[in-house]
Every structure is written in C-alpha cells, then in structure tokens.
C-alpha cells in the first residue's frame, strides 16, 4: 500500500487546489412581475438540488443563495397560477413539477415554461455558461443578468410578454379562459420535424419552423428549437452574481 500513498496524496491535493480556484458567487432570483411566481430549480443528473428545488416568490421581491462552489449544471423556471387544494395538494397551471408540494426536489417542470439553463464552474478558466430557452415554450418573461465577470457576459433572454401575441394553436388557457402559456410546436403537434427527433435529430435536418420563428423574432437571444445556434450559450468567467429576472 505504501507505493500508492504519494499518488493518492497528489490526487487529493490536486482536487483540493482545483476546487480552491473556483470563485464563489451568488445566484439571485428576482420577481419583477406584478404577481406571485413559484420558481423551480432542477439540477442535471449527479448534481445537488438547490433550495429544495422550489419556493414561493411574491411580486417585487428576490431571493439570493450561494451558487455551488463545485461544477454544477441545471435549469431554473417559474411556475405560475399555483394553489393548494383543500387536501393540501400543491399544483400550478404552468411549469408544474408534479410533486404536489411547494418543493420540486429535483423534478423537472411541465411545458410550456421559459427556462434559464446553466453550466457553472467548467473549463480551466472557471467559466459559467448560461442561456435562456424557449424550446419548451413560454410562460413568463425572463432574462439572465450577470454582474461583473470577465469574457462574454451579456444580458440574455426574453423581455416581451409573448402570451399576448401567442398563436391560437399554441395557447394554453386557464379555466377562466385567459392565456397562461405559449406551447412550442413540438408540444402542440408532437411531430418529429418540430421536436428534432428521428430523421430530424441533427443540425442538418432540424430546421426552424414558422412557430419557432415567432419566438425568435420576439426574443432573438434565446434558443427556440433543439438545434438552434450554439453561440447563444455565453461563457462568463468569475461573475460576482448571476441574476434570473422574471418580468425584467
């Protein structure tokens, strides 16, 4: 066993030093909407659940928490029009994660929902990548806004309220008749050409549609279909804070 000890010590030291070079920063979720939302967070497989995966955020308020200090990837979105039934079952008209509780505990959300996607602390320069996606449709205006940082650190997202202009065939309506979500063409029609499945599962065969162009014309800095432009993912080194702002 003595033969392996120096190697183990070296590996341990290397991991410790690598982790020590990662810069801590805050994740902040801001609700600028004139109504309550219920943000949800889903980590990718193997990564920790942040803030129990979901919480309530009243209008004109925010919640900050430390970003992981190790590599992490996942997504954040808003659940809307949520309520608790007399039997204490929690559910939402959009973005529902199916737990029946306030906390999503790592579950994903039902489309349509505007998504913020993150890959934190990757590469030799401690990069944090982020993007806003309408691939799963739209429910609330959203931007990702970095504070400080080096490299390519723009504000990206969708500030417009697409519910007002959503094509009728994509609309999701609440029980009272008003529009609460705007589906993707994949969700609305289930066809491979819209979902980038089967023969269409490549950048060469998966092309924008008239429906994805509706989203793209309103929000050009977002992903609108599965093989949209990769350059829409931005890499920012050592930001002090990444803000997810709803109704920016």
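Each residue, glycine too, has its Cβ placed from N, Cα and C.
What TrEMBL lists as disulfide bond is 33-247 (among others). For residue 33 (disulfide bond), applying a Cβ distance below 8 Å and a minimum sequence separation of six or more within one chain yields 59, 140, 141, 246, 247.
According to TrEMBL, the feature disulfide bond maps to 82-92 (among others). Counting only same-chain residues six or more apart in sequence, the Cβ atoms lying under 8 angstroms from the Cβ of residue 92 (disulfide bond) belong to 38, 79, 80, 81, 82, 83.
For residue 97 (disulfide bond), the same-chain residues 6+ apart in sequence whose C-beta sits under 8 angstroms from its C-beta are 40, 42, 53, 54, 79, 104, 107, 108, 109, 110. Taken from TrEMBL, the feature disulfide bond applies to 97-104 (among others).
Residues near residue 153 (disulfide bond) in space but far in sequence (CB under 8 A, at least 6 apart, same chain), listed by position: 146, 234, 236, 239. Positions annotated as disulfide bond by TrEMBL: 153-236 (among others).
The number of other Cβ atoms within 10 Å of the Cβ belonging to residue 158 (disulfide bond), over all protein chains shown, comes to 23. The feature disulfide bond is assigned by TrEMBL to 158-219 (among others).
Per TrEMBL, disulfide bond is recorded for 166-182 (among others). Here residue 182 (disulfide bond) comes close to 112, 137, 138, 139, 162, 163, 166, 167, 170, 171, 172: these same-chain residues lie at least six apart in sequence, with C-beta atoms under 8 angstroms from its C-beta.
There are 19 other Cβ atoms within 10 Å of the Cβ belonging to residue 195 (disulfide bond). Annotation comment: TrEMBL describes 186-195 (among others) as disulfide bond.
Just so you know, the Cβ of residue 196 (disulfide bond) picks up 20 other Cβ atoms within 10 Å once every protein chain is counted. Annotated disulfide bond per TrEMBL: 196-206 (among others), in sequence order.
Annotated signal peptide per TrEMBL: 1-22, in sequence order.
Highest local Cβ density among the disulfide-bonded residues 104, 166, 206, 219, 247 belongs to 104, counted as other Cβ atoms within 10 Å over all protein chains shown.
Ranked by how many other Cβ atoms sit within 10 Å of their Cβ, the disulfide-bonded residues 82, 186, 236 place 82 at the bottom.
Cα separation, residue 206 (disulfide bond) to residue 158 (disulfide bond), rounded: 23 Å.
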